[in-house]
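Feature list (source: Swiss-Prot):
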BINDING   CYS32, GLY33, ILE34, THR35, THR47, ASN70, ILE71, THR72, TRP216, GLY238, SER239, ASP240, ILE272  L-cysteinyl-5'-AMP binding site
BINDING   CYS32, CYS220, HIS245  Zn(2+) binding site
MOTIF     34-44  motif ''HIGH' region'
MOTIF     176-181  motif ''ERGGDP' region'
MOTIF     278-282  motif ''KMSKS' region'
Amino acid sequence: MPLELFDTADQEVRLVETPPAGSDTPVGMYVCGITPYDSTHLGHAATYLAFDLIYRILLDNDHDVHYVQNITDVDDPLFERAARDGVDWRDLGTSQINLFRSDMEALSIIPPKDYIGAIESIDEVIEMVKTLLDEGAAYIVEDAEYPDVYASINATDKFGYESNYDAATMAEFFAERGGDPERPGKKNPMDALLWRAAREGEPSWESPFGAGRPGWHIECSAIATNRLGHSFDIQGGGSDLIFPHHEFSAAHAEAAHGVERMAKHYVHAGMISQDGVKMSKSLGNLEFVSRLTAAGHEPGAIRLGVFANHYRGNRDWNAESLATAEQRLATWREAARAATNREDAIAVVEQLRAHLSADLDTPGALAAVDNWAAGIDTTTDSKEFTEVGNIVVAAIDALLGVQL
């Protein structure tokens with residue numbers, strides 16, 4: 001069943017443009033990864049769970065998927081946390097990357113084909129920055145001490161198309177989310193950093209435009225387009241990345257490669273709050289995946305708790321969310337042990353496909369299985385799923401990533 005998703009750039013739900021089903025050409029999907037300085041919290045997990053659903057639906061539609069994810073393993077938050085804890089930033093990054101991968105595996109999230117760190121893509125970034133400089137889309141600030149390289153916001157005539165934000169909103173988010181509008185020497189306050197000239201105490205790499213390290217946005221531009229092509233199918237992440245990160249990543253790639261759009265579809269997942277308050281490190285109200293699984297909560301219940309609300313909305317997580325999900329899991333298992341009506345089983349599988357293909361309508365998908373389960377007489381002592389029950393069990397595993 002063809003997949004439709006909301007496109008942030010076009011502000012509408014529309015069909016995802018893919019190569020023909022069964023072809024040798026994969027669907028290209030790039031999702032921004034973590035900065036590895038803390039454990040994986042539920043906000044991270046919810047984003048990757050949304051794109052895991054997309055991956056599963058594409059596989060169900062007989063598509064191969066080339067899934068790429070980056071790791072921002074050289075960045076200020078990582079350095080700051082390492083300094084605070086008195087550890088080497090490389091060791092901190094490695095430990096958190098390993099924990100992240102372990103959490104994703106625990107949640108049955110299909111791993112990317114390419115999992116690329118910023119450090120290992122330094123040469124790719126340097127090449128793209130050089131291209132932007134050669135094309136006049138970037139410049140070096142006149143600063144003898146720190147000759148940083150910036151991308152001109154005017155390098156493309158479509159800047160702003162991905163986020164659809166007005167100038168005031170862009171300026172606000174640029175300042176709040178890693179931008180440096182007051183940096184002396186910039187031609188425009190909104191010009192984005194491409195290459196940070198070497199500073200004492202910071203890692204740096206040699207380049208034709210001086211020693212330094214990559215800016216945040218250009219890392220994703222280089223990693224994505226070097227693996228998926230200059231214009232690929234799906235670019236994704238959390239809604240907090242819509243601007244500036246995804247807007248600038250697209251602008252850098254489009255200016256460097258001369259394409260209209262870096263991605264055909266821009267997809268974003270909403271934020272997660274805890275008991276009505278946005279999860280944040282500063283508030284200390286993060287719900288960590290590793291703690292939930294260590295406490296004995298099944299990964300399938302965590303997935304169902306997240307899927308109870310639509311991926312694009314900002315969602316709340318609390319103890320009731322998990323309790324409801326665990327009860328749902330138990331109810332579905334009971335139904336699968338007693339199911340005998342093959343037509344009903346086949347029908348609910350098709351309903352699952354239909355809901356998930358309609359912009360990941362997980363509430364509708366879960367309700368469809370609930371309705372199927374409610375119609376089954378579960379007075380049985382059997383501990384095994386019936387042959388008919390296994391039809392639904394297999395679909396729930398393949399499409400929702402939930403094992404009964």
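Even glycines carry a Cβ here, placed using N, Cα and C.
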CYS32 (L-cysteinyl-5'-AMP binding site) versus CYS220 (Zn(2+) binding site) - Cα distance in angstrom: 7
Sequence-distant neighbours of THR47 (L-cysteinyl-5'-AMP binding site) in its chain (C-beta under 8 A, six or more apart): VAL31, GLY236, GLY237, GLY238, ALA269
PLDDT averaged over the residues of the motif ''KMSKS' region' (278-282): 75
Densest Cβ neighbourhood among CYS32, CYS220 (binding-site residues), 10 Å radius: CYS220
For CYS32 (L-cysteinyl-5'-AMP binding site): DSSP state (helix, strand, coil): coil
List of residues, in chain order, with Cβ under 8 A from that of ILE71 (L-cysteinyl-5'-AMP binding site) and at least 6 apart: GLY33, ILE34, THR35, PRO36, GLY93, ILE97, TYR115, ILE116, GLY117, ALA118
Integer Å distance between the CA atoms belonging to HIS245 (Zn(2+) binding site) and SER239 (L-cysteinyl-5'-AMP binding site): 10
C-alpha spacing of ILE272 (L-cysteinyl-5'-AMP binding site) relative to HIS245 (Zn(2+) binding site), in angstrom: 19
Count of other CB atoms lying within 10 Å of the CB belonging to TRP216 (L-cysteinyl-5'-AMP binding site): 24
CYS220 (Zn(2+) binding site) in three-state DSSP notation: helix
